[in-house]
Structure formats: C-alpha cells, structure tokens
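Listed features, source Swiss-Prot:
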TRANSMEM  22-42  transmembrane segment
TRANSMEM  45-65  transmembrane segment
TRANSMEM  95-115  transmembrane segment
TRANSMEM  116-136  transmembrane segment
TRANSMEM  140-160  transmembrane segment
TRANSMEM  162-182  transmembrane segment
TRANSMEM  214-234  transmembrane segment
TRANSMEM  237-257  transmembrane segment
TRANSMEM  264-284  transmembrane segment
Amino acid sequence: MLKRIQQKWLAIKLITRMDKPIGTYLLLWPTYWALWIASDGWPNLQLLLVFSLGVFIMRSAGCVINDYADRKIDGEVERTKNRPLVNGMMTSGEAINLFGVLIGMAFGLVLMLSWSTIYLSVVAVLLAAIYPFMKRHTQLPQLFLGAAFSWGMIMAFSEAQGEIPLVAWLLFTANLCWTIAYDTMYAMVDRDDDVKIGVKSTAILFAENDKRVIGFLQLMTLALLWTVGDILAFGWPYQLCIIAAAGLFSYQQLLIVNRERDACFQAFLHNHWVGLVVFVGIAIEYL
C-alpha cells in the first residue's frame, strides 16, 4: 500500500514538473512585475500569496493537460519518452482527474479576489487548456502559450487597481514576445522529432530564420519594457537592469548559434535570469 502511494506521488511529481521549476519561474517573474507595478511596489500579503500559489498550481495544471494532449506522441520524442502517461505510471483518467483537482484549487484561490478578476480567470483556464492542442492545428502554438503566461499580469492589474491601464497591456505584449522567443528555443530542441511526427511549432515555422526572429522578439521585449519604464518615470537602476537583460539575451544568441540541442535547452533555461533581473529593476524603483 505504502509503495503504491509512493509510486503515485512520484507520478504526480513528474507530470506536474515539481522537479523542474523553470516553468514556474518563467510564469512567476512576469506576474511579479505586474503585481509590483500595479501595487506601487507594495502588494498586500493576501494578493502576493494568492498569485504566487496560483502560478504554481496553474503551471502544474498546464503540464498535466499538456502531457494528456501529447500522450500518444510523447513516446516518439527522445526528451519526453519517459513521461508518466507514456511509461504507464499514470493513466489518462487519473491525469484528467488531477487536472480537475488543480483547476479547482486555483478557482478556490481566485474566489478570494474581486468579481472582475474572477471573470478574467476564466480566460486563463481556457488558454491553459487549449494551448497543448494548438500544436496540431497551428504553426504558432507559442503564441497561445505566451498569452497564457501573460494573462496573470492582466489579472494582477485588475485586482490591484480595479482597471487595466495601458502599462498592463504593454507588459502583456512584452511578455508575449519574450515567451515566444524562449519557447522557440525550447522547440528547437525537439524540432527534428516534431517534424517526423507532425507536431507544429514556431521553431519549424521560422526554420532557418529562427535565430533572427528570436532576436527580433527579444528586441521587442526590451523596447516595450523600456517604454514601460519611461511611462512610469523609472530611473537609471531600472534602465541598467534592462541593459543587463539585453546582455543576457546576447548570451542566449551565442548559445543557439549552432542550433545544438543541449545549447538551445540551456538558452531556454537561462531566461529565468532575465525575468529575475527585470524584477529587480522594478523592485528597486519602489524602495
């Protein structure tokens, strides 16, 4: 009995990527950008806890529904062939039940917020649920992932300010560009396998222009973040952090220059530091 419980817990840990927190970081940092700006640097404890836990739960739910959507093809991809729904550690029914539990937990958190934010949360759930299936229907699944990873920023402004100002949409667009850029790097890791099994991605769409498009998206991210700083009259510490982020992007371009799988994956992981550096720049402005 104990062994069975341990096996199920391991399956839950693996399918929700508890052992791989990079996705949580990439979702958390932009949410914190928005929370700090929307709250003038001082989000109340309840707001901070609700959005922090919400990020962890929704990222976990997104991983579960992603694996459910890919359960019939993950075995054909080197990186994903040992996932729980492929190796039999978890059944499809158990995965759907787990997804439902996680969405229920997230909804419980959202009920602590205003009605306008509750309504916006419905969009967040829809984006999280449909993204995994977009890989079969569009060459731009990363666009849907970007929207899913950015929607929490809109919710943060809605809750903290009761409105969604221009700055919120600029941050949303900046994060959208950034997400497409780093997830294209991630898709470059699996590109050869994806072509064979018919899965679509921006890495396949951009083809030989992948590095140039990623660079353009990174420049757009920096330009939009700089514009946010200008609108909010942020000073040199924030500007210095945006310049540092530009340096990190340049390093990522060096990593992906030869399109080697391991290097592309390292470039993807490296984006955690971009999110952190931008957050530090924002936080300093409110000290």
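Cβ from N, Cα, C; glycine included.
Below 8 angstroms of C-beta separation, residues 15-18, 23-24, 27-28, 31, 35, 39, 95, 98-99, 102-103, 105-106, 109-110, 112-113, 124, 128-129, 131-132, 148, 152, 155-156, 159-160 of the same chain, each at least six residues beyond the ends of the transmembrane segment (45-65), sit close to that stretch. Counting same-chain residues at least six beyond the ends of the transmembrane segment (22-42), those with a Cβ under 8 angstroms from any Cβ of the stretch are 48, 51-52, 55-56, 58-59, 62-63, 149-150, 152-154, 156-157, 159-161, 167-168, 171, 175, 178-179, 182, 228, 232, 268-269, 271-272, 275-276, 278-279, 282-283, 285-287.
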